[in-house]
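As given in Swiss-Prot:
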COILED    38-78  coiled coil
COILED    100-121  coiled coil
COILED    143-184  coiled coil
COILED    304-320  coiled coil
COILED    360-387  coiled coil
REGION    410-446  region 'Disordered'
COMPBIAS  414-430  compositional bias 'Low complexity'
COMPBIAS  436-445  compositional bias 'Basic and acidic residues'
REGION    467-562  region 'Disordered'
COMPBIAS  472-481  compositional bias 'Polar residues'
COMPBIAS  548-562  compositional bias 'Polar residues'
REGION    573-592  region 'Disordered'
COMPBIAS  582-592  compositional bias 'Polar residues'
C-alpha cells in the first residue's frame, strides 16, 4: 500500500518535471529522473553517514571520558546504553554531564583538603603524602581516597590544636619564670613543629631549674637563719629569685652567721662540757659518747644540734636523778676496784713492810663488802625502775656477778706438805717472806651482818688504774697442806669464814675504823668468775683522795675472853641492822697506849688461819693476850670484830671514826 502510494507520487513528480522541462526546452527522460532520484538519495545517505560518524565519535569520546571519570571516582556499576546511535549519544551526554559534575565536586573537595594538609604539614613540620595528578586533576578521588584525606586532615588539625595549646601554655610559663627570675627576653616565634616545641620545653626547663635552684638556696638560707634565731626571719628583700636577690640573701646569711657563731660556740662548749661531765658520771664509754668533737671540727653547728645536746643532757640528768646515791656507790666500787689492783701491783714489785699485806687485805675486804652492798642496792633499783644500769656500755648487774679474784692467790703447788706442823696458840705468827715475793696471805670475803647501818663516804682514785686481770702468785706458807688447801677452797668460795646460815642474803657490816666503813660481803653464790680488765680508763679523770665524813660506831655486847673467835663473830652473821639507822659512838674509849698495842698485835696476827676449825685454845690464847693490854672484854670483842672487818684503830683520839685507806 505504501509502495503504491510512493509509486504514484513518483509518477506525479516525473510528469510534473517533464512538463516543466519541455517548457524550458530541456530534455527530460526517465533516466534523468532516475539519476535525480539516485543523486538525492546518495546525498542524503552521505549526510546520514557523516552524521553517524560524528555521533559515533562523540559517543566514543563520551564513553572514554565517562570511563575515566568512573575510574577516578571509583564507580564500577555498569550503565545501560540504548540501541540507536542518537539515543546512545544522548544517553552518554546526559550520563557524562552527571558524572562530570560529581567528579568536579569531589575534585574541588580533594583539592581543598590537600591544600589544607599541605599547609598544616608545613606548619607542623610533617611530611605530605604524595598525590598523583593527571593534567592537574587527581588521579584518584574515590570515596576511600577522600576519606583518607579527610582523616589525615583531621589528624593534622588535632596535632595543630594540641601544639598550639602547648605553645601557649609554655609561653605563659616562660613569662612567669622570666618574671620570677627578672629576665626580660623576647618570646620565640610561634613554631609548632616538633623541634620548635622541643626548644621551648628545653628553654622552659632551664628556667625552671634555675628558679628551683635559687628557690632551694633561698629556702636553705631561710631555714638556716630560722635555726639560728629560732623563728622565721623577717626580711624586706624582694620576693623574686633574681641574681641580685640571691646575693642579698647570701649577704644576710653571712652577717647572721657572724653574729651567731660566737653564741653557738659558747653554748656548744658549755653544753659539751656538761654532757661529757654527765657522761663520765654515768659511766658512758668513750666509744658511746656523743658530742666529743671540737667546735671547729663540726661543719655546721645549728639550733638542732644544740637542742639534741640539751635533750641528751636532760636524759642523762633524769637517769642520774633516778640512780641517786646508787651512782656514788658505783663510783666508789670502781675506784676501790682500781685501788685494789694498784696496791697489788705495788706489793708485787716492792718488798713491803709487814703492814702491806694487811693493807691489801683490808682493801680487798672493803671491795667485797662494797660489791655485796652494791648488788643488793642494784637489785632493788632495777626492780623498782624496771630497767638496767649500764657501766661503760655493759650491764652493771652482769659485771657485779663476776667474782673478784684477789691480787694475791696462793700457789697450791708450792704449799708445804707438812700437815701436822702448826704454831702454838700462844706463839707468834710464822715469819713472812719479803725477798721480792708477796707474803703468803689470803684475801677472803666475809659475809657479815651487823645491827647498825653505816654511811659510806665517797672515795676517789685515778681513772688510769687498771682492774685486776689475772691471779697473782705468791710464796708458799709454812703451814700445813691440809689447812692451806682448806683456805684456798674458802678463798675460791668468796668468804673467809663459812656461813652456817642457809640464806644467801647480803647484809651490810656494822663496825668501822679510821680506814673507812665496810660494805656488805658478796655471798659465795653471788658470782662465779674474776673481774675483767676492761673499762678502767673510762673512769673519771684522776682525782685525789679527800677527807670523808666520819661514821659513828655503836658498842657491841661484851664477850668473855674464853669464847672462841668464831663464837664472837657468829652473832654478827645473824644480825641485820635496821634500815636507815646510824651507829653511835663507842661506849668505852680505850687509852691511847693500849689502843696502839692492840693495833700492832692485830696487824701482826695472821688472821688467815682463823676458821671454824680453829681450836678454842687458840682463840682463848688470843683473848688472853689481848687482856694483857688492860682492856675490857667489851673492848677486846670490839677490837677483834673490827679487825676481822678489815679495820683497825689508830693511836689518836680522833681515830675512833672510820676513814678509807
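Cβ coordinates are placed from backbone N, Cα and C, and glycine is handled just like the others.
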Range from 38-78, 143-184, 360-387 with most C-beta pairs under 8 A to the coiled coil (100-121): 143-184
Using a Cβ cut-off under 8 Å, which residues of the same chain at least 6 positions beyond either end of the coiled coil (143-184) come close to it? 74, 106, 109-110, 113-114, 116-117, 120-121, 123-124, 126, 129, 190-192, 196-197, 200-201, 203-204, 207-208, 210-211, 214, 240-242, 244-245
Mean pLDDT, the coiled coil (143-184)? 88
